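Asks: I have a structure here, written as structure tokens, and I will follow up with some questions on it.
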């Protein structure tokens, strides 16, 4: 009886070994398989894919939330009592986790493209599970402590949506190579393959029409663009100097701001002073000067005590915005000697520069001796400063009618969102809101009703550009030195130009996808016609050796050896050794 043994010569496949080895610790050829992926491994593939998209959203959220990092750190301070930049570990772990999961996704796609069975190693499964659970815990924590910040995602998509659409379309178009290859290599179309193809086509069609639902105020006729929004220094220029100090406001004025914004508290002896926090621990050296009173509320100190505190050294110590290294020695000396600023001092500075001032007044607690006179104390400070009333934006709703009688020239401003009609009925001409509390349409409604809308806190150029295109009157910013460098919206596109862009992208994508499917099927038809029943990236074809027949070292041959098992005529190994050929014995051939 004759035994047929095809001998195949294999080249080293270092790339394939690395792909299967890193993904599933299958470094050897005999460990690999071209069988269908098991249901258990398919489940892990879906978990990996879900983790990737969740981390993608999480990473995008923190990338765009850069505008409010200081606000997040302040929330952490209120909970822990210690100031630190909590965004650094979050960004580091998010970047590391996203990179790791994205790398596994790429390896998984490589497996599919090469026809290899998916078999994620158990160590990677632990890593994927840890990344998934950590991200879920992070999402829940942010939702509980900083839920309003989720609004940054739809707002930022107004600036990034058109470009993210092009990127997503390019990625899905590139995936057509893998999908088309799988379809072409399948001799009998199984239900799972049909589902994959239909899912792919559905996602592709959805991307083709999604621009119909993308809205951005920056897609507009440039001729209708309103004037550049005024920039108000939120607590001065707190990225360049300690917040709510005279030097901070002076730095903001150097950046050509049109207004100054601050928070005001009332001292024990009735002096309005500038302080954002409920205590003095974060922005002063109260722990050193009054160690037994460091947890007392700010309004429980009299003005004499407050003047003893240093309000600048904490800025040099904690460097909250990572900007201290850019300061000159002279600036550092000025910062180190800053003290608590009174409202009267700020108003005199604003009057000298003819600059608007807006402040939010915090009422003292009920046991405070100035609980009932806080409005009068503040009005007295305004009158004492000599500032024109037309430069002061008055925000407290309490006793507004009385304030209007005593100081009719003040600009009546509200920090509560109301309809334009309601604001006008109360004689309010200005509105101060957080930037996520007014949609593009509401901004335009306020503008059309002659309500001057100011949105805070706007630090990033992309956010400033979106609000500019929306028609906002002014913004309050912690980074006037950055917005000063934005003389025009980052991007502005006519509607017909955008329509042309996404239709062209859709047509190009459609043509590429169709071309890839045709090429893959044509290639596979020729491949099968050559005598190969199925594609195997490790099987050597005779045709592959034709182009290299002139180089003996690279010649690949396949021989059929006939050996008589009964007579014991020379084995395949002996014949190969005699001919100096490398070999690989494919066992299991019918005898």
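Glycine too: its Cβ is placed from the backbone N, Cα and C atoms.
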Asks: Choose the correct range: of 65-87, 88-110, 226-248, which one does TrEMBL annotate as transmembrane segment? Give that range.
Replies: 88-110
Asks: Between 480-499, 500-519, 520-539, I'd like to know which one TrEMBL lists as transmembrane segment.
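Replies: Of 480-499, 500-519, 520-539, TrEMBL gives transmembrane segment for 500-519.
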Asks: Could you tell me which of the ranges 17-37, 122-142 is annotated in TrEMBL as transmembrane segment?
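Replies: That would be 122-142, the stretch labelled transmembrane segment in TrEMBL.
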Asks: Quick check: do the transmembrane segment (122-142) and the transmembrane segment (162-180) share at least 3 Cβ pairs under 8 Å, counting only pairs 6+ apart in sequence?
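Replies: Contact absent: fewer than 3 Cβ pairs fall under 8 Å.
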Asks: Quickly jot the same-chain residues contacting the transmembrane segment (500-519) by Cβ under 8 Å, restricted to those at least six beyond its ends, or write none.
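Replies: Answer is 162, 165-166, 169-170, 172-173, 176-177, 180, 183, 204, 207-208, 211, 493.
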Asks: Calculate the per-residue pLDDT averaged over the domain 'GP-PDE' (229-487) and state the result as an integer.
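Replies: A mean pLDDT of 95 is what the model gives the domain 'GP-PDE' (229-487).
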